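Report on the structure given below.
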Amino acid sequence: MKKIILTIIDGLGLRKERQGNAYLQAKHPCFDYLFSMCPNSVLQASGQYVGLPEGQIGNSEVGHLNIGAGRVVYTGLSLINKAIENNTFKDNEILNDVIDKTIKNNTTLHVMGLLSNGGVHSLDLHLFEILKLAHSKGLKNVSVHVFGDGRDVKPQSIKNSLETLKDLCQKFGYKISSISGRFYAMDRDSIFSRNQEAYDAILGQSKNVIENIDDYIESQYKKGIFDEFFEPAQLKDGVFVKNGDSIIFFNFRPDRARQLSHMFIGSNLYTYKPKNQVQIDNFVSLMKYEGINSKIAFKEMEVVNPLGKVLESNDIKQLRLAETQKYAHVTFFFDGGVDIEYKNENRILVDSLKVDSFADYPHMSAKEITDSLLNNIEKNDFIIMNYANPDMVGHTGNLNATIEAIEFLDSQFQRILEYVSLNHENVTWFITADHGNAEITEDENNKPATKHTTSPVMFICTDKNVNLGNGSLCDVAPTILDYLKINKPKEMTGKSLLK
């Protein structure tokens, strides 16, 4: 059986327009060769094609879920939205229970999360529905702690959501008590010093005490500090977390919610102990945060027989390879949102640089990823790997840095292509991406665009004897299994794109 390399480029979509398109403005001779000489097609990577609402931008979690599952996976955003649409959100047992207990104990319910309409980690609508539910049940003591986005949405976009939130809080008698940028509140690289600053603001122990949230946002903007990087601050008249209170974390995506959750209720994931630990009565997450013992409001779709399981069942040695920023995506998310290591599975984690902005280091750890691939390909049969550059640098909205990231990625692809060309009888290379981003780094006004896109993505195969049709991310696994002449499991509803 041929060895397979499945490379997932993070955040590189296909778009014809040149303006703001880092890919089209970059020099990429290896990509040019692959597109001109190898079978290739186009895959949909957003909206209903990946289990999201129509028109919703794709993201790394959803992209890897769909690729690994071989079917459309309906994720937290769709599940929660559907509950709101069919009017069952108000009947959610876990949400009602935490509200009832807060009323009974005469304590405070704190609702925290990313205030964004991006729909990648959270959706502002979910916060609003929680507040409406609490008010309908007569809960008077509710405090809201918001995190600025500016990454999956425009850098200065919090105000629209904030206006709606302020109106609801004024109507219901609730408080907005703290604000932090996601850079602090949602770190996922174990840089707990960042989380600690957000945690302090939520506990009312921040060094930054502000009178008015709108004035504070304007003051941050004047300093060139936008939503993602808001310095954590607490409102002078805020209501802060104390012993016996309860928390609802309304982010539905887990990877950037785990560290802050750990600080409130502990876990076996990390050893960090926060300063000024509080005892939380009830801690609720809208979806499951793997490794965090929260009460889960909405249960996710179970993925049976993802690609990794099929490889295990066929005694195929597999390697998962990524740098820190995307390691969870080629493991946890690729395996259907389950933390499992299969028989004959190897894993290599390449450390990501711990920097404030990857615009300053657009190469990231791409060279080390390639080194690891070439050093380990002989020991494995199926390599699932991720390059993070286009997405992580694209999120900065820095066009020149993103161009450099793509050009460096192209040089790494050249190294892989040389190996594959020399060993083409034994190795086939499949290339795709999980969603778009780097192809739109500037908007129509030449301002930085930092969010994901709805662009389709590439699907390339270096075996020139095949023909590829167009499809969606869920078709990648069935296609590769068909190529290997392995029957796909019945649960994989994606189709082979081999013609």
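Each residue's number is its place along the chain shown, starting with 1.
Glycine residues also receive a Cβ, built from the backbone N, Cα and C atoms like all the rest.
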Starting from the Mn(2+) 1 binding annotation in Swiss-Prot that includes Asp391, His395, which of His363, His424, His452 is the extra site residue?
His452
If I go by Swiss-Prot, which of Arg188, Arg320 binds substrate at the same site as His121, Arg151, Asp152, Arg182, Arg253, Pro254, Asp255, Arg256, Lys326?
Arg188
According to Swiss-Prot, Asp10, Asp434, His435 bind Mn(2+) 2; which of Ser41, Ser60, Ser472 is also listed for that site?
Ser60
Chain-mates of Asp391, His395, His452 with C-beta within 8 Å of site centroid, Mn(2+) 1:
Asp10, Gly11, Asn59, Ser60, Arg151, Asp152, Pro390, Met392, Gly394, His435, Asn437, Ala438, Thr450, Lys451
Taking His395, His435, His452 as the binding-site residues to compare, which has the smallest set of other Cβ atoms within 10 Å?
His395
About how far apart, in whole Å, are the alpha carbons (Cα) of Asp10 (Mn(2+) 2 binding site) and His121 (substrate binding site)?
17
For the binding-site residues Asp10, Asp152, Asp391, Asp434, which one has the sparsest Cβ surroundings, going by other Cβ atoms within 10 Å?
Asp152
Secondary structure at Pro254 (substrate binding site), reduced by DSSP to three states:
coil
His121 (substrate binding site) to Ser60 (active site, phosphoserine intermediate): how many Å between their Cα atoms?
11
